[in-house]
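Peer 1: Below you'll find the structure I mean.
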Amino acid sequence: MWTAWCVAALSVAAVCGIRQDTTTVLRVTKDVLGNAISGTIQKSDAFRSALREVPVGVGGVPYNDFHVREPPPKYTNGRQLGGNYKYGHIKANDNRAQLGGKYRYGEILDSDGSLRDLRHEDYRPPDSAYHRGSGRYRSAADSSSVGRLYRRELRPGEIPAGVATGALGPGGLLGTGGMLANEGILAGQGGLLGGGGLLGDGGLLGGGGVLGVLGEGGILSTVQGITGLRIVELTLPRVSVRLLPGVGVYLSLYTRVAINGRSLIGFLDIAVEVNITAKVRLTMDRTGYPRLVIERCDTLLGGIKVKLLRGLLPNLVDNLVNRVLANVLPDLLCPIVDVVLGLVNDQLGLVDSLVPLGILGSVQYTFSSLPLVTGEFLELDLNTLVGEAGGDLIDYPLGRPAILPRPQMPELPPMGDNTNSQLAISANFLSSVLTMLQKQGAMDIDITDGMFEDLPPLTTSTLGALIPKVFQQYPESRPLTIRIQVPNPPTVTLQKDKALVKVFATSEVVVSQPNDVETTICLIDVDTDLLASFSVEGDKLMIDAKLDKTSLNLRTSNVGNFDVFILEMLVEKIFDLAFMPAMNAILGSGVPLPKILNIDFSNADIDVLEDLLVLST
């Protein structure tokens, strides 16, 4: 599918072109991706941005774990250290009992159901007792019960009837409404130990009370007990990556966080180890760029150390701190990981940058498909766009019938045990680079007498010594110009441990007349085989070529037919000493390599394989 594109070149020209098939493949291990993420973190201020106030709540509502456990009970007003009731209030029943008891001071329950006031010596049956404080006796129930009409005087040491049973019965010491019963002096609601009492739930020292400040439901057991949390130090994380075949990567960042804060009982110094884990999917956006996208992010806390009151009572707030940090750190650190991955995505996007190829053209890499993720490596397929400064794309192979299929990218060799990255460049791509140079005329050269000291004199006398008819036509020595042109694109053939460049050139021998008129003596076709070697300097692939052999064919001659073989040594020397240095000079600008994930190929091992050049680091 042809997709039009147009980008501005760094030179004055613009480069417009079309997408090609995959010509370059990059494989990287998890270590390369991990190093890229680590380098991004070190160079950016993403983690330093976390050194700030920790947002404990939003709109006054603290982070909590109420979705796990039930919310704390609601009290009447909650003003008195978490107590159930207002200041000075206790819970009573239908009378003004003391400390929550059901009956008045000094009253006991007799066996016949009547209430006896031990503060007085006279007794009255329940049916004649005045109700609610008007007499010494009153009924223990709403309806009158059958009672005694007469009660005798007690002998010395005698226990009144009903006292023993009343101690354990309703209203007794331990019975219902008694001192220790559910509604009595100690255990009843509002009693000493009961709910809302001194030690009861919501009481002065109970849950939510003074001691409840440090307990479940108290002030310190909620986030309100810790305020002013601020991250003061965040170490650069240790990054580890695990490849998830067909998905992406599993990212783990281990860091240490130092946090300061305040509590009701002193300042807090918190040190916590955090392991941030994220499942990251590798996708492609609509523009065709790969993107690392977080699917899930979690934080695992460990090694929490809390210094409170110079070491006092640290265990009381450990669970609270753990719960608070478990709630707030994911919302604080996971977005930072997302920012870091965004910067890594930007690095992936740098591949698409237009890079000058000398002053004559440019190279641009683009992604051709969704990267492949295996258990061993991440594979990126790249297109290469080689453009001329004049605006045309080099669509290799030029001059070939359109029905011929393009050469497919060969299979890459397995990665070695000590290999972290592998860049494979096809012969097709190298041919495109040389084709761009050929179309710009960079390989054409005019060689004149005296230009190269190692060459013999380029005159009619030198040529006439080999071709007598030249001497006959030009008895006086005249200077010659050897005009070498490359009319067709060179081709690159890669074989095992051998890179061959075939260049077809024409060599026109021109003589200069006294009146500056040039006359062609002959035109020779020269087929040359060049041996190429490769190296890496910086971020560029350097190509150096040397002449292997030449083959000549006489196309035209103005001095009659002659055996072109007699010129083979001279032509080969001209190509070796003049043409090859000129060609290596234009190749000296190097071929830009893809800039991706901070990979350094400067010390790469280079292997020439069948139709493939492989750089391994």
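We count from 1, first residue shown onward.
Glycine is treated like the rest: Cβ placed from N, Cα and C.
Note that the structure is a prediction, hence the values are computed from the model and not measured.
As annotated by Swiss-Prot, signal peptide applies to 1-17, with the evidence given as sequence analysis. The feature region 'Disordered' is assigned by Swiss-Prot to 117-142. The N-linked glycosylation site annotation in Swiss-Prot covers ASN275. Positions annotated as disulfide bond by Swiss-Prot: CYS297-CYS334.
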Peer 1: I'd like the Cβ neighbour count for CYS334 (disulfide bond), meaning other Cβ atoms within 10 Å of its Cβ, all protein chains included.
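Peer 2: By my count, 18.
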Peer 1: How far is it from CYS334 (disulfide bond) to ASN275 (N-linked glycosylation site), counting Cα to Cα, in Å?
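Peer 2: Roughly 11 Å, rounded to the nearest whole number.
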Peer 1: Highest CB neighbour count within 10 A among the recorded positions ASN275, CYS297?
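Peer 2: Sorting the candidates by Cβ neighbours within 10 Å, the top entry is CYS297.
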Peer 1: Please report the DSSP secondary structure of CYS334 (disulfide bond), reduced to three states.
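Peer 2: Note: CYS334 (disulfide bond) is helical by DSSP.
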Peer 1: Between CYS297 (disulfide bond) and the residue listed as 'N-linked glycosylation site', what C-alpha distance do you get in Å?
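Peer 2: So the alpha carbons of CYS297 (disulfide bond) and the residue listed as 'N-linked glycosylation site' sit roughly 11 Å from each other.
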